[in-house]
Amino acid sequence: MTPLEIDLFPCRSDNFGVLLHDPVTGATASIDAPEEKPIRDALARRGWTLSHIFTTHHHNDHVEANLALKDRFGVTIIGPARETIPGIDRKVDGGDSFDFAGRPVEVILTPGHTAGHICFHLPGERLLFAADTLFALGCGRLFEGTPAQMWQSLEKLAALPEETIVYFGHEYTLSNARFAITVDPDNAALASRVAEIESLRAAGAFTAPTTIGLEKATNPFLRAADPAIRRHLRMEKASDAEVFAEIRARKDRF
Ligand code: ZN
Ligand code: FE
């Protein structure tokens, strides 16, 4: 199969816009719709016509352009069954799968940031769109879920193949990196990644995408089981979900 093409561009102050395009059928999906103009500019630059929006959750910085883009392109909006999404055509839930340009897209339910947040996984292309559940070196704030729910959601993502390429919702990586080293100071892989992120950001480059393997090695929010982190937090006997909750609470105060 001809590989899908991806276009990544900034939206709003720190959101990512992502377009997914099949050169054979012309099918083009926007992962969320944070802002109309940069999405239309990216489509024009590429010469692509929008056919779908895959919505991950109801926050305004992910759905603001849904209706405008639907008006303009007549797109099909596929989004979470458990949330209210402007212009939604097809509601999907965890375990569902749908077709995009002849490829299966699996829906993973990841409550925590919002109660009905979903991620989109294309197993054949080893691609995951994690939006505000998993960031590079971070995870979403718990607006509508408990730490235990978010930990369970992150465990589902961590179980995907390590080579899975992960696109995420926000360029928060530099501040995530500065926090990550405070809970995992002896992690050499993290230290070298922080240096890499600092030079990427200094050059104005994006830190997306990442991979599941890289996050498992360096993202403290996926490393609640790690003995060194537990020792550092003096939580050797706690459950993974409790360690995760402590890391999340420290990040909220950071
Ligand atoms: Zn959000
Ligand atoms: Fe967001």
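Glycine is no exception: its Cβ is also placed from the backbone N, Cα and C atoms.
From a predicted model like this one, the values you see are computed outputs, not experimental measurements.
As recorded in TrEMBL, the features of this protein are as follows:
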BINDING   His57, His59, His113, Asp132  Zn(2+) 1 binding site
BINDING   Asp61, His62, Asp132, His170  Zn(2+) 2 binding site
DOMAIN    14-170  domain 'Metallo-beta-lactamase'
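A map of TrEMBL features onto the structure.
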residue : record                : CB count, 10 Å
His57   : Zn(2+) 1 binding site : 29
His59   : Zn(2+) 1 binding site : 20
Asp61   : Zn(2+) 2 binding site : 18
His62   : Zn(2+) 2 binding site : 25
His113  : Zn(2+) 1 binding site : 24
Asp132  : Zn(2+) 1 binding site : 27
His170  : Zn(2+) 2 binding site : 21
Between His59 (Zn(2+) 1 binding site) and His170 (Zn(2+) 2 binding site), the C-alpha gap once rounded to whole angstrom: 13
For the Zn(2+) 1 site built from His57, His59, His113, Asp132, further residues of that chain with CB within 8 A of the site's CB center: Thr56, His58, His62, Thr114, His117, Ala131, Thr133, Gly140, Phe143, Gly169
Rounded to the nearest Å - Cα separation of Asp132 (Zn(2+) 1 binding site) and His170 (Zn(2+) 2 binding site): 7
Contacting binding-site residues for ligand 2, chosen from His57, Asp61, His113 when the Cβ sits under 6 angstroms of any of its atoms: Asp61
8 Å Cβ shell about Asp61, His62, Asp132, His170 centroid, Zn(2+) 2 site members excluded: Asn15, Asp32, Pro34, Thr56, His57, His59, Ala131, Gly169
DSSP-derived class (H/G/I helix, E/B strand, else coil) of His62 (Zn(2+) 2 binding site): helix
